[in-house]
Amino acid sequence: MSESVAKTNGPNAAVTKKPTRGASAVTWADDRLGLATAAKKNLRKIFPDHWSFMLGEIALWSFVILLITGVFLTFWFKPSMGEVEYMGSYAQLRGLHMSEAYASTLDISFDVRGGLLMRQMHHWSAMLFIAAMLVHMMRVFLTGAFRKPRELNWIIGGLLILLGIIEGFAGYSLPDDLLSGTGLRIADGLVKATPVLGTYMSFFMFGGEFPGDDIIPRLYMAHILLIPGLILALIAAHMLLLVYHKHTQWPGPGRTEENVVGFPMLPVYAAKAGGFFFITFGVTALMGGLMSINPVWKYGPYNPSQVTAGSQPDWYMGIAEGLLRIMPGWETSIFGVTLSWNVFIPGQLMPIILLAMVLAWPFLEAWVTGDKREHHLLQRPRNAPTRTAFLAAMITLYGLLWAAGGNDILAVIFHLNLNHITYFMRGAVFVVPILVFMLTRRWCISLQRQDNETLLHGYETGIIMRSAEGGYTERHLPISPEAAYTLTARDRDTVHEVEAGVDENGVPASGGRIAAVRARLSQAMYGHNVQKPTAQELDEGHHHAEDEHAHEIEAGLDHSADGHQFDGRHPVEGEELRSH
Amino acid sequence: MSDHQDNLPATGHTDGAHPGGHAPARVEEPIANPGMERHLPRPTDVDEAAAKRAERQVATFFVISMISAVLFCVAYFSFEVGESPDTFGRIGASNLTLGLSLGLALLCIGIGVIQWARKLMADVELSEPRHPVASSPEDRSETLAALSQGLEESGLARRPLIRNTLLGSLAMLGLPAIVALRDLGPLPDIKNTLEKTFWTPGARIVNDVTGRPLRPSDLEIGGLVNAEPEGLVEPYDGEREGIEYLEGVELLAEKGKAAVIVVRMEPEDVTEETSNWGVEGIVCYSKICTHVGCPISLWEQQTHHLLCPCHQSTFDLADKGRVVFGPAARALPQLPIEVGPDGYLVAVSDFREPVGPSYWERG
Ligand code: HEM
Ligand code: FES
């Protein structure tokens, strides 16, 4: 590869002019840091553009907003469970005994100007942070962006989601109100269900018996130092790898596995990304100003003998909640010890297993396909039907569990029997994802077939033609070369054959059982996919279309019923359609 | 459509070009790559007036942002938060105005910058080649050589004694790391913590809000009272002599375990085993869910069911607190009660089994 002279779709090749202003500042810095060598490549680094690439950006900017608003909160928040009498502005609670943590949260809300805004912004951006990471992860999954060489970034992303959720739970627990205290108590119950070590873990976490007076200071340390530090380090690694790998791009005219087409970092991408930071920040500020969230003063201080009915955790805890709710009450007492399956399985095992399944999928795929090549072009979800169907099934499961986590609310809204919802969910979490898997796969495959139809016979114009014999057909017109190229710019799937048990010399085939499993998986995952047409098939398809067209000319239809050449899907110079 | 500047073939590399088969995926083309689409000039590229208009637009956004920043300061000094937390749609005047002005100040910068990028910055798409992620084979073998030379010079392979003792000493450092965390908490003295509550024989049952001791006549049929043992709730009408009232952390820990609910049912509705531990259809149960420990609160008089608001475990209070639905595995522990010499309800003893969620050693 020659030196990177940027290619362009503009009239003139992009020429980097010598900087005039600021040059002396650059010289000063470079004399001391020697960064120009690295910067020269990266300042004009190309980033491809697509709306779905913004999802990760929302997550990144939300984290920055969390840092800023979080630091503001630390100036006043007192992470102590020491008992104080509240004397602040909020009249309803004045004179009550409560922890310093709760009292200082009330102070931030009612006696620090802008404090409530910052608290609400902090909480909203926490929700946004985790939601954006989740949707970003789905985007990466659906488009196959996790394939080599990006597997490590896939794992880093998975860790970030996990840490984000733990960080959110820690933060949610800090104000020490009735809701968050109840959340901590549930966490204590989950920890106690750990086989062998549970009781010890609980006592070490809380510094004794629940609730103790250590948990808030400890969570505070984790919330403002330990976990944000880890998240920051992982985000840094995530971004470095992103820059080194260069962003993936959608296939299209001029976009290949060997290039990256888009806008340069400076100025366009920097402006768009920087501008987007302010937009995310601004939207968060509006949310914090207009939408109340976690009004802790309404819940009251933590009291271990009380609970608010219909209490709900933050949304990202919903599936853990759902898992806990639909699990049957199984417990084993044996040899003088207790195994609480009803808590351990849904509370500890399942969340990790579900995340691990999604995180492991790319490695399963790589193993089954045996594909060791780099992939920089994204795949359309339909072109990986099994993968897309798997994610659809997982999203369905997530949604069902989430709904199960709000079964009391569903029961009230829809006037249903709560127990019936739970019984239904117990079955649905097994059945519905499988149905969704099968449906999505079929749907993807029929979309693939439809793409091939479009390639071979053109797109449906919506014009109904009546032949001389009185039959009706819909008129098809060929799509533009750019669109056709984009549709075909994808790999063919290789399906591994199930080998016979022995090779021709009568020796068992290498790999034996494992190879057979792999071949069977390969057949199951890719055997039904529709492959793009070959050049020859395309040729034949076009001939067929031309024949059809010839009939139209005979029928005198080629001009009068046309006009579709101006529908934006065709180059109109010279009206190529008519000259066919 | 003939003047394409970029007509890169889809694949430039052959599979052997990179070590270990790292070649980028090959996308075979039934249709040749037509090359990048031609750049079409925007109105702002060709029409100076349009460009000027866009410039003014962008500047307007920045000016609105400045004004909003000033408004933020005005709002900051105009409103006291605590005085009006609930005005303006229950949001509070201060919060609303601060949020709006800060939001606008930030949003307008963002919108302005993006508008600037879209309308006025060069929007010519560029193409940059990718290079294989792996280093070149030469670099790789040089690295390997340097690694093995370094290892060789250290003598690590030739002197297994050093290697093994070093690994051993590093592994041993795990011990201080774990042991140093020992003082995070006391070892669970289960007999005196999880398996013991504040209830003692003869302890009065008091209302958990007023602190007033309960008499059988305080409870109607179908009624429910949240209660605690005496000593955990300071009574409204003054402390009773001879009773020590807990405070702080201890209070929270004991309240969390000792909380009970007292209900009264028709005596004939209650199973015999249950009523043996009660008085005239009045029975007392732990309030702490045996699932993961939420305080339970929802009482259905008709069915005698008690529902936990956290995960909806449902317990039958007429029948030893049996689980009738939900994820809990154990019945709610019943507290044996009787009428004391002075006519108040009192505990016969502490709970006969641990309250709250299960744990490994519970048996
Ligand atoms: C990924 C990052 C973070 C997430 C998901 C997160 C989430 C949360 C949540 C949900 C709350 C409860 C807010 C409420 O009162 O309603 C909270 C509170 C808090 N957070 Fe964070 N946070 C993050 C990072 C940070 C950082 C970096 C800091 C400080 C440097 C911080 C400082 C605080 C403080 C002091 C509180 C308690 C204040 C209060 O509740 O009023 N947070 N956090
Ligand atoms: S804590 Fe009561 S059902 Fe879970």
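Positions of Cβ are set from backbone N, Cα and C atoms, glycine also.
Curation does not apply to TrEMBL; its annotations are automatic.
TrEMBL has this to say about the protein:
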DOMAIN    A:25-251  domain 'Cytochrome b/b6 N-terminal region profile'
REGION    A:560-580  region 'Disordered'
TRANSMEM  A:51-77  transmembrane segment
TRANSMEM  A:124-142  transmembrane segment
TRANSMEM  A:154-174  transmembrane segment
TRANSMEM  A:220-244  transmembrane segment
TRANSMEM  A:275-297  transmembrane segment
TRANSMEM  A:349-368  transmembrane segment
TRANSMEM  A:389-414  transmembrane segment
TRANSMEM  A:420-440  transmembrane segment
Contact yes or no, the transmembrane segment (A:51-77) and the transmembrane segment (A:220-244), 3+ Cβ pairs under 8 Å, gap 6+: yes
Selected stretch (most C-beta pairs under 8 A with the transmembrane segment (A:154-174)) from A:220-244, A:275-297, A:349-368, A:389-414, A:420-440: A:220-244
Integer mean pLDDT for the domain 'Cytochrome b/b6 N-terminal region profile' (A:25-251): 95
When counting Cβ pairs under 8 Å to the transmembrane segment (A:389-414), the leader among A:220-244, A:275-297, A:420-440: A:420-440
